[in-house]
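According to TrEMBL, the protein carries these features:
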type	residues	note
BINDING	Tyr22, Glu33, Glu81, Lys99, Asp100	ATP binding site
BINDING	Glu33, Glu81	divalent metal cation binding site
BINDING	Ala35, Phe36, Arg37, Gln38, Glu39, Trp52, Leu53, Gly54, Val55, Glu74, Ser103	substrate binding site
TRANSMEM	57-80	transmembrane segment
ACT_SITE	Glu74	active site, proton acceptor
TRANSMEM	101-121	transmembrane segment
Amino acid sequence: MSLAPEYKKLTGVAHFMAAATYSAGGLSRAWKEAAFRQEVAAGCGLAAVYGWLGVDLATAVAATILFLLLIAVEALNTAVEEIVDRISPEISETGRHAKDLGSLAVFCVIVANSLLLLYVVGRALI
């Protein structure tokens, strides 16, 4: 006998609406992080630069994908930090490693965005 309450799995449109609600909650939570807000501001700035330079469609799509990847990785990094802080409020080497690895993942995507920007600006100057 399970002590867990009955759970009915949602399907179809109800599942989609529930998932959208959870995603909105995640966006709301992420917005409370300064790093997330800074990355969104940087993404808006990059979009303005790319628009001003008149990049082609392929570059615009690549930039959009890299920006969305950055947002996704930042959300995962925040989730890792929250879980580590909840499970292990004391300072631990394992917790530090988990947070450092999450930070590295974000850094890698920031580097990828920066490399695309350097490529686009370099191509525009040549």
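Cβ atoms are placed via backbone N, Cα and C, with glycine included.
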Note to self: Using Cβ atoms and a strict cutoff of less than 8 Å, what residues sit near the transmembrane segment (101-121) while being 6 or more residues removed from its termini?
What the structure shows: 35, 39, 42, 46, 49-50, 53, 55, 59, 62-63, 66-67, 69-70, 73-74, 76-77, 80-81
Check: Do any of Tyr22, Ala35, Glu39, Leu53, Lys99, Asp100 (binding-site residues) have a CA within 10 A of Glu74 (active site, proton acceptor), and if so which?
Finding: Ala35, Glu39
Next item on the list: Out of Arg37, Lys99, give me whichever of these binding-site residues has the highest number of other Cβ atoms within 10 Å.
Entry: Lys99
Checklist line | Those binding-site residues listed as Ala35, Leu53, Val55, and which of them has the most Cβ atoms within 10 Å of its own Cβ | finding: Val55
Next item on the list: From the binding-site residues Tyr22, Glu81, Lys99, Asp100, pick the residue whose C-alpha lies nearest to the C-alpha of Arg37 (substrate binding site).
Entry: Glu81
Notebook entry, point to check: Is any of the binding-site residues Ala35, Glu39, Leu53, Val55 within 10 Å of Asp100 (ATP binding site) (Cα-Cα), and if so, which, in sequence order?
Noted result: none
Notebook entry, point to check: Given the binding-site residues Tyr22, Glu33, Glu81, which one's Cα is the least distant from that of Leu53 (substrate binding site)?
Noted result: Glu33
Check: Counting every protein chain present, what is the number of Cβ atoms, excluding its own, within 10 Å of the Cβ of Tyr22 (ATP binding site)?
Finding: 10
Notebook entry, point to check: Record lists Ala35, Phe36, Arg37, Gln38, Glu39, Trp52, Leu53, Gly54, Val55, Glu74, Ser103 as binding substrate; longest Cα-Cα distance in Å?
Noted result: 32
